[in-house]
Amino acid sequence: MMKRRAWSRAILYIVCIMMCLFFLMPVYVMLVTSVKPLDEVTLSDMWKLPTTFDWSSYQTAFAKLAPNFLNSIYLVVPATLLSALLGALNGYVLSKWKFKGADTIFTLILFGMFIPYQSILIPLIQFLREIGLYNTIPGLIFVHVVYGIPITTLMFRNFYAAIPDEMIESAKIDGAGFLRIFRYIMLPLSITGFVVVAIWQFTNIWNEFLFAVTITTSAQQPIMVALQNLSGSQIVQWNVQMAGALLAALPTLLVYIFLGKYFVRGLLAGSVKG
Amino acid sequence: MKTVVSERDVTVVPAVRKKRKWTADHWLAAAFLTPSVVLIFIFVYGFIGWTGYVSLSNWNSLVPDLSFAGWKNYIYLFHDFRFQADLRNTVVFTVLFIGVVVVLGQFLAILLDQKLRGESIFRNIFFFPMALSFVVTGVIWQWLLNPSTGVNLFLKKFGLDSKWYTDTTILGGFHIGKIEGGVPVAMIAVVIAAVWQMTGFAVAMYLAGLRAIPEEVREAARMDGATEFQIYRKIIIPMLRPITVSVIIIMAHISLKIFDLIYAMTGPGANFVTDVPGVYMFETTFRGNYYANGAAIAMIMLLSVAIFIVPYLISSRKGES
């Protein structure tokens, strides 16, 4: 009996490790390709380790992507902060100051996070041209804040629903109003909520492509569009391409490595209906 | 905070509704909510309406022409070779992608639930692709599944020689409309990349579900003499069914509107074997200036997503009150 159990444990580990290899294989290929000199980047040598380390592809990729990397930072920081703040206020109202029809309004807001953005893109671009924000980073910030409302509202509403109503009630009896309760009761309890929402929005906005590619051109483009453009040239330098992919992925990867548990909480909070 | 996923993350605490007096603070609360509601109504519902209007217009050049065209653009699309191919590809992609993600996600979640040593390492490896952009995934897998190379060098040893995303073969081909129906082989490459990226999502959801099942359930079954395998097959997996519904709906809405992964990895492909409505909409609208056609594609995409999402939203609202 013990022997059989040991065997089945061994099989479990083998299956798990094989699955890990499947998930890590692209990372391996990306890493080895990115440090190879161009003449070693041939299809037949794809799996081999490089004979010499060549960091020049990182230099090339960095030189090409650095301005767009900065654009992404200018975009993602204010967009994340604004949409988290908006989500916190909405979630607070929709969980603690419910009024007749609040649930209906919430459901109507929620629908906005599932729509294919193609279905609002043509009017959106017309609108941004009208108000002079087309092809600007502030324009993209605005877009991400608006279309981030549903998900951030959902996350904060669920988060605040776990805070007992009695606390709000007794604060009201003590004479605290809408803003005081938010400032002195809700906000101090929302640190985790803000971390989860901020990580989620940071990752999503950093990785976003459709708005970025349609609303901005050349000098204003965020990193993902620039990465995609790297492969648009006639001869694809795969080592540069892989180094670029790694640079573009680095911020969200670091966030995941250091704050992974909050990332997964955001993912679950966003996937479950409120 | 040992566990990544606590039960609180998956269960939504229903907000208790009580009769309250409508005070000045309620006005203030409503005032704070109003800007968001107005923005959503304009930028989601208003703009959808406007796109719908454009889809019924003659605006198929750089110069906006909003004269009424009736269903002309839709009729054009359904007779269009490219759009017919898109519909076929979307169905194939959605079915394969969801099927694999559900099965693999459930399998890996159960595997992680076996109290393995190093579980958190395994979990992190399964989850990390979710932190990446679809563009990054597309770029990596474009290289990895490059025909005549990469994974193929490996497969050739087994006598397999796949052309991956450049393959124009349609499996089980039959004539339908202007296209060949069936499964485009090239689409399988895209499914692999999408599965690589999104399986962690399903694993996380299933793990949360597994952790929410009380240990007593298993204990009771063990007392009745059930084997571990039977416990999973007869008790645990059926209990995960509501999560499967959520996984399917979330994956369906991702796959029906997929754009960046395919645009970065393969583009439309020869004979449009990897084209999808998202890519067609982007190219025809912003590269070809066929705004009305693009709007019509967008409306069809919206409709296909809404079929899944609207019942989901309505039922989850009912479940709450």
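Glycine residues also receive a Cβ, built from the backbone N, Cα and C atoms like all the rest.
On a predicted model such as this, the values are computed, not experimentally measured, just so you know.
Beyond its flanks by at least six residues, the transmembrane segment (A:12-31) meets 46-47, 242, 245-246 of its own chain at Cβ-Cβ distances under 8 Å. The transmembrane segment annotation in TrEMBL covers A:12-31 (among others).
What TrEMBL lists as domain 'ABC transmembrane type-1' is A:69-259.
Marked as transmembrane segment by TrEMBL: A:73-93 (among others).
As annotated by TrEMBL, transmembrane segment applies to A:105-125 (among others). Sequence-distant contacts of the transmembrane segment (A:105-125) (same chain, six or more residues past either end, CB-CB distance under 8 Å): 90, 94, 134, 143, 147, 149-151, 153-154, 157, 210-211, 214-215, 270, 273-274.
Among the features that TrEMBL reports, transmembrane segment is placed at A:137-160 (among others).
Per TrEMBL, the feature transmembrane segment maps to A:181-203 (among others).
Look at TrEMBL and you will find A:242-264 (among others) tagged as transmembrane segment.
Remote same-chain partners of the transmembrane segment (A:181-203), defined as residues 6 or more beyond its termini with a Cβ less than 8 Å from a stretch Cβ, comprise 76, 79-81, 83-84, 87-89, 92, 96, 144, 148, 151-152, 155-156, 159-160, 163, 167-168, 171-172, 251-252, 255-256, 259, 262-263, 265-267, 269-270.
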